[in-house]
Amino acid sequence: TLRMLLPALLVLLFCFRGRAGTSPHFLQQPEDLVVLLGEEAQLPCALGAYWGLVQWTKDGLALGGERDLPGWSRYWISGNAASGHHDLHIRPVELEDEASYECQATQAGLRSRPAQLHILVPPEAPQVLGGPSVSLVAGVPANLTCRSHGDARPTPELLWFRDGVQLDGTTFYQTMLKEGTTGSTESTLSFMPSRRDDGATLVCRAQSQALPVGRDTAITLSLQYPPEVTLSAEPQTVQEGETVTFLCQATAQPPVTGYRWAKGGSPVLGARAPMLEVLADASFLTEPVSCEVSNAVGSANRSTALDVLFGPILQAKPEPVSVDVGGDASFSCAWRGNPPPRVTWTRRGGSQVLGSGPTLRLPSVGPEDAGDYVCRAEPGLSGLGGGAAEARLTVNVPPVVTALHSAPAFLSGPARLQCLVFASPAPEAVVWSWDEGFLAAGSQGRFLVETFPAPEGRGGQSPGLISVLHISGTQESDFSRGFNCSARNRLGEGGTRVSLGRRDLLPTVRIVAGVAAAATTLLMVITGVALCCWRYGKASGSFSEPKNMVRIPGSSDGSSSRGHEEEETGSGEDQGPIVHTDHSDLVLDEEGALETKDPTNGYYKVRGVSVSLSLGEAPGGGLFLPPPSPLGPPGTPTFYDFNPHLGMVPPCRLYRARAGYLTTPHPRAFTSYIKPTSFGPPDLAPGTPPFPYAAFPTPSHPRHQTHV
């Protein structure tokens, strides 16, 4: 009952004092307080003019009026009550202690303002996913995650550091649990790792108000990276055709697994080593060599181009150009070389240099400029390459029409007229016109037109055209009038006049008759010669073997010849030597015949002549006669007339004395004779002619003799 009365007494005392002096009041009120978890919290409270009961409330719940606050083991009230100090202490502070506290003077009806107690929870050491050694791939974007667990209050901030320097590029995530409490906290660092990050140390730091210095977690980066390649060539500058060595070096993690080579993007088959040897040519200047190195992570390649010295190579030929007369023309050609070649322009067939460089310009061209132009490059230092390329310049002009030769025609017969047309551009049509009409193609009455390309054109111009006008059944008017051949193109018109010649029938008949007569005469001559030769051969076959011969001396005087002969005959000497004559003109007749002495003293009264001729074969199959003989007097006949002496049909009259060559079927005649030792009576066979002399040689007898 005493305890129940004590508060009432205090209230009465307070009221009494209030009426007597100063009223109770707060000298110090509690304020909000932040305390680390596990430490001591102290909330101050001081009252003036009050000696009654003082108590503390937690979130409105009275903790009690005793100083030791029974039931709250970690709570107590300190201070001198007589002086009005009533401070609340909490130790150690726990999370449940976080509340709103008030100091109350119950007997005086006083309440302090609420004081909020905040409990700070330091963060734990963060965790980096994948640590403590994180494997990354160089060149591949990476995300490193740092996570903070526990009930840290306030929520900690996660920071990334490298070599003490804070890194940028982090993203913060916070996971909220039920009832609004904070769960785990994450921070993600995004960056592009490179080879130099291999072995680097990164630190994730969790810091907050509860722990300003923070707590760190370190990780080590282990980088995998594709090969880093260096490519070199030795020598870098090379003459075409020399050997070049390429060396491909690489560093990689994990190690290199293979090499591949390419040139101008095309693989070099069979090349799998870090070294490549090739023969340099012009293509290496524009088609670099590349080396690709691979490992488990990826691949990398490097390329290099050689400085190859080579002669000119034609890259672009000049194109044909067609320009109207008076216009400007230009040609272009491209040569490639190292060093760059010198290019000159000439005209085909000429040596004058018209220009240099890749382009030739010809202003205001005329027909005389048409032709072929040559673009030429000299060989390089190595002596290789070079050459020439040409293109044609066609100058467009109006058509040029020329009449071609046309054969004369018979009246009422067919006729053919021709013209040659050169034009650039090609004519639209070639037209034949005459008095009463014109025709470009096809037929019209007696007329027909054909047009076809000419065999070849003029230099620098397009091929010509030949147009032919056929006329069937010519009339008198066709020979007197002219025919016009004309052509037109976009630059103008050209034409020419063509006349038709006439051919009469009578001269043709005369020519045919003359040819027939000549052929008949030739046939008769050939027949006569053949018959003559046949009769001669028959006559020569009837002579018997000779017994005596008469020798003809070589003197020019007939009487002296006879006297000399008689001397040699009467002497009774042996047979004289065979004489080979060099005479080509031997004439025998009645007055000039050489006579020998009659050994019968006129009994037979016979004059005998023994002739031996040698006819050499002349070039071409004829027979050669020696020079003119001195035996015959001037004015003797030019043919060998044996009729007066032989009494028979003369042989072939082809032995011309002055011709030098004889065309005869007999390859030989007499050229020598033998002087007989004596003269005997003649041996005459029955039926023998009165003077059976002039036996000619046959192919089987080189020599014949005649006896009288």
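Every residue, even glycine, has its Cβ placed from backbone N, Cα and C.
Bear in mind that TrEMBL entries carry predicted annotations, made automatically and left uncurated.
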Segment assigned the feature region 'Disordered' in TrEMBL (from 234-258, 484-508, 584-608, 684-708): 684-708
Number of helical, extended and coil residues in the domain 'Ig-like' (227-307), per DSSP: 4 helix, 48 strand, 29 coil
Within the domain 'Ig-like' (123-220), residues counted as helix, strand or coil by DSSP: 6 helix, 58 strand, 34 coil
Within the domain 'Ig-like' (312-394), residues counted as helix, strand or coil by DSSP: 3 helix, 44 strand, 36 coil
Average pLDDT across the domain 'Ig-like' (123-220), rounded to a whole number: 84
